[in-house]
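Read the structure below first, then the notes.
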């Protein structure tokens, strides 16, 4: 049994939507990133890679590589699942916390969970996503960006 932690953050930029957990959410900003900026899937990918002692997404999908420019983070997450599987591990469960003042996440969380469960090839009850604010404190409270913490439990395949 292995446990991994992932953390990622992206700052806001010009745009009119963000993508979190594979879900396109209307917003007054976009997220600045080399890929699609899905900070939730990036943190989950890091948690999975960390649990398997396989580094992080920067190692596997460097932002200096043009092939990952604008990449769909769901495709990257599925690739991470394949890497972890090849090392003899399967996902036990994942849990993530989105830290954002806005937009409101509650209307989108179930769809995020469904997308993530499909990409991880697990049941819905093995995926938890929740959201909180920092009560207008820090960079997320000032609506400068979004952060996500994620943990993953891996079991022998």
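Placement of Cβ uses the backbone N, Cα and C atoms for every residue, glycine included.
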Let me know which member of 27, 34, 42 Swiss-Prot also records as binding divalent metal cation at the site of 8, 10.
42
Among all protein chains shown, how many Cβ atoms are found within 10 Å of the Cβ of residue 35 (4-CDP-2-C-methyl-D-erythritol 2-phosphate binding site), not counting that one?
21
Within 8 Å of the Cβ centroid of the divalent metal cation site residues 8, 10, 42, which other residues of the same chain have their Cβ?
9, 31, 33, 37, 38, 39, 40, 43, 146, 148
Which one is it: of the recorded positions 10, 34, 42, whose Cα lies the shortest distance from the Cα of residue 65 (4-CDP-2-C-methyl-D-erythritol 2-phosphate binding site)?
34
